[in-house]
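Q: Dropping a structure here in structure tokens format, bear with me for questions.
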Amino acid sequence: MKISGVVPDAYSYSILIDALCKEGDVEKSLDLMEEMERYQVKPSVVIYTSLIHGLCKRGLMECAIDVFNRIGASGCEYDQTVYETLIDGFCMDGDKNSANKLLQEMIINNLVHTTFGFRFLIRGFYKLGHYDKAFEVFNIMLRDGISPDTIACNYVLNGYCRDGRLEEALKLLEELSDHGITLNSHSYNAIMYRLCKESYPERALELLPRMLKRNTVPGVVNYSTLISGFFKQLNFRKSVMLFTRMVKVGIAFNNITYTILINIFCRSGKMHGAYAIFNEMKERGLCLDVITYTSLIAGFSDAGELKKAWAIFEEMSREGCWPNVITYTCLIDGCCKSNRIDLASWLFDKMNKDAVKPDVVTYTVLIAWYRMHGLTDQAHNLYREMMTKGIFPDDKFIRICRFDLNTGTTQES
């Protein structure tokens, strides 16, 4: 166009700059912006937004801020999208303060008028951990007669739960339902999870019939949350009851539900059942993670079936699932219970080679075994190593190992 003497208009430049930014060539895009200025072609806010997006993707935040400031200087009006683009950039860059400042500006400048815009603000404040601001925006939304969507409601419900304001979350849940605002299983799960975390699984269970009453079908996530809540209180009967209900209504188990079921069988000493569930997970093609493998290793170790625990340990390594400190400690404990201190020591050395740092529980298991078998020198050496590494005894260590923490010597009965 320029060869024929025709200067491209803002629309043509917009297409070029957007394409270049998507390819990551922000340098060429900036050159085109300068060219526009030379030809006195006024950039639109869309062009500025494309350029800011490209700069943010490259992590060039100072340049992005400079371009953002040029919008006002050029006489162009800021819109919701350009603010959202720069805010997302700040969030990706970890600059929460700058993101928060822009979110506040959006409210002050009255730039938000749609459900999507309000949802963006709520999400932004939620992710920054500024829950009160998220609640404030939500109330402005309701005041202005803009109906919140499910996602916005979920952010607010999660915010109340994370802020420890459970009763307000429950009240809001009812109010939203009464006003015909669509909620989903995740809306309820936010509250279920918090109730279970605070040791109120029975109250969480009461939400199931309320969900059904509101035509919201509970899913695997809801059941998994409840099952986990009861399991942590060692209420296996309720957990199994919920498993049975899941099967009855045709909800397929996920990794979490299967792993909890494995744990229940392990805690009950029914290792045959635990292993059968483990194999069912493999048959279904579910991803076996470190928690699943560790649960089974711990179960076999506690049951004195060291060979099976070791076989699971080797299998997880073959499958590319790397053991963590809990996995190693469970198997070391199993070795000690079977008086295979040679294997326990080998595992302890392997931990260090694999850059898995032993914790106070790992040291407690080994030192307790050495103490029990009268090998005080080895116990003292491990204790000194533990202290040198900055790992300090806890109450369980002191109770089991019976060490004098001042002298590093054992306390005889």
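Going from the start of the chain as shown, residues are counted 1 onward.
In case you wondered, yes, glycine gets a Cβ from its N, Cα and C as well.
Here TrEMBL flags 9-43, 44-78, 79-113, 114-148, 149-183, 184-218, 254-288, 289-323, 324-358, 359-393 as repeat 'PPR'.
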Q: Per DSSP, what is the residue tally for the repeat 'PPR' (114-148) in helix, strand and coil?
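A: The counts are 26 helix, 0 strand, 9 coil.
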Q: Which numbers of helix, strand and coil residues does DSSP report for the repeat 'PPR' (324-358)?
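A: Each residue of the repeat 'PPR' (324-358) counted once, the result is 26 helix, 0 strand, 9 coil.
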Q: According to DSSP, how is the repeat 'PPR' (9-43) divided among helix, strand and coil residues?
A: 26 helix, 0 strand, 9 coil
Q: Please list, for the repeat 'PPR' (289-323), how many residues fall into helix, strand and coil according to DSSP.
A: 26 helix, 0 strand, 9 coil
Q: Do you know the DSSP helix, strand and coil residue counts for the repeat 'PPR' (79-113)?
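A: Its residues divide into 27 helix, 0 strand, 8 coil.
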Q: Report, as numbers and ranges, every residue of the chain located at least six residues beyond the repeat 'PPR' (324-358) whose Cβ falls under 8 Å of a Cβ in that stretch; write 'none' if there are none.
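A: Answer is 290, 293-294, 297-298, 300-302, 304, 306, 309-310, 313, 316, 365-366, 368-369, 373, 389, 391.
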Q: Let me spell it out: take the repeat 'PPR' (254-288), skip the flanking residues so only those 6+ beyond its ends count, and list any with a Cβ under 8 Å from a Cβ in it.
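A: Distant Cβ neighbours of the repeat 'PPR' (254-288) are 220-221, 223-224, 227-228, 231, 234, 236, 239-240, 243, 246, 295-296, 298-300, 302-303, 305, 308, 316, 319, 321.
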Q: Given a Cβ distance threshold of under 8 angstroms, which distant residues of the chain, six or more beyond its ends, lie next to the repeat 'PPR' (184-218)?
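A: Here the qualifying positions are 150, 153-154, 157-158, 161-162, 166, 169-170, 173, 176-177, 225-226, 228-230, 232-233, 235, 238, 251.
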